[in-house]
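Take a look at the following structure, please.
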Amino acid sequence: MNELVYGLSALGISLNSVQLGQFETYYQELVDYNSRINLTAITEYKDVQIKHFLDSVSLVLAGIKGDEKLLDVGSGAGFPGLPLKILFPAIQLGLLEATQKKARFLSEITVKLGLSGVEIISQRAEDTAQNPLYRQKYSLVTSRAVADMATLAELTLPFCAVGGRVIAPKKGDIEEEMDRAATAVKKMGGRVFKVIKVELPGLEDGRKLVLLEKISNTPALYPRRAGIPAKTPLI
């Protein structure tokens, strides 16, 4: 895990032997499972360390507390939620993943990593956000899902408690995308707090973290029915 260790050193973070072992296990299980179902196109050891593990942990630049109640929306193979859980074991983590095969991987890898305080939720975000067990219950919501910011705002902010935050990693020039998302962010009860540049070893490709803050309750009609936020963003 030399690439990951080096990248984390730029953040002033060091891993203990247990955490290093967990990341090694995560890599091995990811590659093994990926041979059976498509979890990721990134499988080389160095690339996984940088583009999955370090990229996930880079969210600490936006300010993450060790006792967050965190929901990772569209978690896929567990990024960024599981690397953050390894780094901060006291986090109460929810992994929201609608695809059953990916959710099964998340359940299995959580056990193999010896993690507690992790809930796998295999449902659509639009449906889950209307469930009072999950609606406005999280201090932090993350999503690395490839989606327009207007769509992401509708799929993430309803999970945030007032005073909570959304961290959404993005790449490239996002000024126009953020302008389009302004209506959705406001309607969900949020505001754009800041955009943070990510400059870490191996991640010098224009990565940014969009930080949204929840300032008021999300109206009951949001999010809209499954599929609509992606097909018809609120712009």
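Each residue, glycine too, has its Cβ placed from N, Cα and C.
Feature table excerpt (Swiss-Prot):
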| type | residues | note |
| --- | --- | --- |
| BINDING | G74, F79, E97, A98, T99, A125, E126, R144 | S-adenosyl-L-methionine binding site |
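Could you place the listed features in the three-dimensional structure?
Sequence-distant neighbours of R144 (S-adenosyl-L-methionine binding site) (same chain, 6+ apart, CB under 8 A from its CB) are D55, S56, G74, G76, F79, P80, A168, P169.
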List, in sequence order, the same-chain residues at least six positions removed whose CB sits under 8 Å from that of A98 (S-adenosyl-L-methionine binding site)?
G74, S122, Q123, R124, A125
Look at each of the binding-site residues, E97, E126, and point out the one with the fewest other Cβ atoms around it within 10 Å.
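Each of the binding-site residues E97, E126 was scored by Cβ atoms within 10 Å; lowest is E126.
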10 Å Cβ neighbour count around F79 (S-adenosyl-L-methionine binding site)?
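A count of 25.
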Just jot down the residues in the same chain as T99 (S-adenosyl-L-methionine binding site), at least 6 apart in sequence, with C-beta under 8 A of its C-beta; none if empty.
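Long-range Cβ contacts: S122.
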What does DSSP call R144 (S-adenosyl-L-methionine binding site) in the simple three-state scheme?
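Where R144 (S-adenosyl-L-methionine binding site) sits, the three-state DSSP reduction gives coil.
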